[in-house]
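Quick look at what TrEMBL annotates:
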type	residues	note
COMPBIAS	729-738	compositional bias 'Basic and acidic residues'
COMPBIAS	800-822	compositional bias 'Polar residues'
COMPBIAS	836-848	compositional bias 'Polar residues'
COMPBIAS	850-860	compositional bias 'Basic and acidic residues'
COMPBIAS	878-892	compositional bias 'Polar residues'
DOMAIN	236-336	domain 'Fibronectin type-III'
DOMAIN	540-637	domain 'Fibronectin type-III'
REGION	729-768	region 'Disordered'
REGION	800-912	region 'Disordered'
TRANSMEM	640-662	transmembrane segment
Amino acid sequence: PNPCNSDGIKCIMDQSSYRLLQILSLACLACRLTSSSFKNYGTIIPQSPTVEIGKEFTATCVVYEAAKATADDIYWTSGGVIVPKEQYTKINDSAVNVTIPITRETGKWLLCKKNESPSSLNKSKTIHGIELTKGYPPEKPENLSCMAVQFDRLISSNVTCTWQPGKMDEKISTTFTLFGSNYSTKAQRSSGCIYFGNFPNYMELDIWVDVENNLGKVRSDVLFIIDPNEMVKTNPPLDVNIISEKNFSRTLLVSWKHPIHETVVKLKYNLRFCTVGSGDWTEVPPNDTESSKESFRLQYLKPDMEHVVQVRCMHHTGYGYWSDWSANSTARTPEDKPTSKPDLWRVVIPSQGKSERRVEVICKDPVESNGRIRGYNIKIQDGAWEVVPVNGSELNSRSQERKIIPLYQIPLSDKRRGSIELKAWNSVGESPRASLGIPKLAHEPPPVASLSCFNQDRRLWVEWQPPNVEATGVTEYVLEWVSVSDGTIDWQREPRHNRKAPIKGTLQRFKLYNIAVYPMYSGWTGKPLTTACFLEQGAPLEGPSVKVRRTGKSNAEVEWMEIPLDKRRGFITNYTIFYITGGKEHSIVVSPDTYSYTVEGLASNSKQVVRIMASTVQGSTNGSDLSFNTLMYAPGQMEAIVVSVCIGVLFVIVLTVSLCMYKIDLIKKIWPPVPDPSNSTIANWSPDFPTKAVSPKESVLGDVSVVEVDVFDRKSLCEEDKAGLPLKKDKYMSEEHSSGIGGSSCMSTPRQSVSDSEEGGDSGQTTTSTVQYSSVVASNGYKGQSPCTLPQSPCTLLQTPQCGSSQSQMPSFARSESTQPLLDSEESQEGSGQSHQRNPYFSRSPVASESRDPGDRNQLEMEEQGLASLRFCPLEEGSQQTTPTDEGQSPDEQPGPVPSYMPQLRGHRQPC
């Protein structure tokens, strides 16, 4: 590299980049130009000064001729801010000075500038500038001290001194110099070392420190040392040893050796001790160890306890420095018999359904057990002493924790009192006797008047008031606490004059404890008063789990379980029910003893979301969300609707039936009764053999099936009419010919087919379709009645041709219209191959049928096709028709009156 220097700036060429070379060259050129401009136009005196904060500083700017300016053209700037003219002082035409106060806010650069344009300060030229270094002058060092440590078996000739320096600015160079008599040396900021060649025994020494920087110089106070042994610090005592003596259970013998010979330095010693693990050191008074002896006996120690001992030493005059403490030395004191009684207590367990109690005797080892407790001697009531051994795993008196030992369980009646005596023993002897009395259940002494607990300094305090009696006789109080979660128990005793006390046992945060205070009456337990407390509360670990017990149309009953005790972490102050309905969240606050609630105002038949939040004094925790749907109808509403509808329908039915029964005559007029063909005697009736009227059968009126029967040709009819018209029943099957009950068929043109059962037809065939029954009735009428004669009507009935005389009477054709199928008896008779006696008017001889010529058959078919539906014509009121008598018949043999409905033949042009 090729350096180029200008005012302490070095520019180094980088051969790896030509571009970087150009940039650095321009920078160096700018540095030279700037430097040359400072030098050519003027200078500031002094150069790069160090100024003291809090004082004023004066600088002078001298202008050269090259600047082409006078002192009147000069102005100053400090940190970019123009210094006011009032702070300028003109010396001559080419020199002007400025005075500025120095503070922490004062700018780093002070510049002298020339104003190029009188109207504007922006057009200016820098004449020269200086950098100000601000700081403080050195402060006086304090607390100067010196020390000479032991090196091997002698005192070192190097004396190390330390002091406390004052304030100083790191930006200002400061020097420290340590002086001692005729010796001096450069020192560090807070310490230094002077080498004397040999330790200066029997010499007086003067030692001090000088501190200097650009702003001044200061000296510390002089340390006058008359005896150099005052600076000596020896090593700790050697070979510290502890001896435990069997017959001295409360003492330990400690021995050691001098670290340096007495001819060099005469020493005195100091001891301290503590039990292992405690950390609380106890020092032996210095007056007890001022001599230079090498042993000491520690007294009043605890028996059967391991102790730690340390020893140190210093110059016997008391001036100088204590040595460091020696390393730890440990030893255990011998055992001794217990000097305090065991802490006896009991747990009373009530029996279910029995008038007795179960008492469990427990205890803690004596505070002054003085050794490992091997067992207990216990005495119940007036019985003998019993030995209860204790395993080493159950109790270790050498540990700091006093464990609870279960000893005995006894049943005790509620009406009896009990007394317990207990003594503990170790390898040396027995402890004093402890006693405990349990009174009768109904005669327990009164409890304390009040009880409360509070937290203070991360400890749980219990406060109580004595029993409300004049002469209580209370000798002490027992504070008992039981963990609700795991049932662990502990207790402590307090003097009778105490009204509050902190619990000394180990309590866990966020755990619930039942705390009870028992007043003790000379060893007899009083009635307890109990309260629940937390050492420290927190927010619950989890929220309540909610479920829906019942849902309604606009409400729902929700219930939740109590948070488990180990996750509650405090007393629940309230529960908050959050529920979302209609897109909005609502909340309800309930008491801490509420575990179910009915939420009202919900939308029907919609989805709802609910959750429960549990709160303590330290925070709240939400449970999980639960979704459910409300009902469309309220409980019982659907049943009410169904019952109402059923009652309404039943009412309508009853009302309709009652109305029908009340208006039966009107109903008969609207729907006239239709005769039942199954009860008709027309099949057995003939003009020659009139039958007696048959009373109709008691049956339900059915539909009337219609069957048509063909009529023989006119010739045969006329001939047979004279001798007794024989008729035969034929079957005509036509669905188009049938009509409803009471309907008219006068306008219909039925297609008929003659089926002759004797001429190869299937006599066993039946039909479920509509068929027509018809019969030929003699002219003398049905049951002695004469057919009605109706006037001409558009519904024209073809008149049957007369045979011979115009006075010849023609047989009448009767037909019944019905949709009822053939009667089973009639179908079975026609369908079976058996022959039976039939009315001659319903049979036709096959010989007569076969003896007809074709012309007669055609004529018969035409006549059959011309047969009209039989109609019934009602009679006028007061009128009575009779059937004309046949020739050769007596009046007694004439048929009776024609019924009100009369079968008519087609051809009689009468109105329908």
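Cβ coordinates come from backbone N, Cα and C, glycine included.
Below 8 angstroms of C-beta separation, residues 633 of the same chain, each at least six residues beyond the ends of the transmembrane segment (640-662), sit close to that stretch. Broken down by DSSP into helix, strand and coil, the domain 'Fibronectin type-III' (540-637) contains 5 helix, 48 strand, 45 coil. For the domain 'Fibronectin type-III' (540-637), the mean pLDDT of the prediction comes to 91. Each residue in the domain 'Fibronectin type-III' (236-336) gets a DSSP state, and the totals come to 4 helix, 42 strand, 55 coil.
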